[in-house]
Amino acid sequence: MIGYLLSVVAANIASVHWAPLVVGGLVVPAGTVFAGTSLTARDLMHDRLGVRGVAVGIAAGAGLSAVLASPQIAVASVVAFTASEIVDALIYMRLRHRSRLRAVAASNMGGLVVDSTLFVPLAFGNFTAVPGQLVGKAVATLLTLAALRIASVIARREVTRP
């Protein structure tokens, strides 16, 4: 849960204190990558702590968002964060038994669309940064999926060694 909450805190701090990036014409709020990693961290928390642990984590993350961010970012973050994490959790629960990586990919995609389309207009008053948020969070998802895959391969090698 600590990694999950740290990603939430980092996303809020970056969104408030760091200027947005402009990458290839896309406006990417600074907290985007951290917000994207929080979706995967939520899925991992689900595996370790179950549904109740996820509910506690989502509530704690929303509370941290409310306390750490500016009022406008805090409201946007709590609304978008709570909605997207619930969507992420529902998709992950439905798909987890088939393939962990596919469940993480699908749940992150659902969560990042909900988060981006709610957070950006509530936080910044327009939709300008939505495409950048979507791309940034998708990149964060790809990076976390690669890390999970590598960790899985390493774990399997450790188990099969004589």
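Using N, Cα and C of the backbone, Cβ positions are placed for all residues, glycine too.
Over in TrEMBL, the protein carries these features:
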- 16-37: transmembrane segment (TRANSMEM)
- 49-67: transmembrane segment (TRANSMEM)
- 73-93: transmembrane segment (TRANSMEM)
- 105-128: transmembrane segment (TRANSMEM)
- 134-155: transmembrane segment (TRANSMEM)
Long-range neighbours of the transmembrane segment (134-155), counting only residues six or more past its ends (CB under 8 A): 23, 26, 28-29, 32-37, 39-40, 100-101, 104-105, 108-109, 112-113, 115-116
Which of 16-37, 49-67, 73-93 contacts the transmembrane segment (105-128) most, counting Cβ pairs under 8 Å: 73-93
Surrounding residues of the transmembrane segment (16-37) on its own chain - C-beta under 8 Å, 6+ positions past either end: 7-8, 10, 68-70, 73, 108, 112, 115, 119-120, 123-124, 128-129, 131-133, 135-141, 143-144
Cβ contacts under 8 Å made by the transmembrane segment (49-67) with residues that lie 6+ beyond its boundaries: 1, 4-5, 8-9, 12, 38, 42, 74, 77-78, 81-82, 85-86, 89, 93
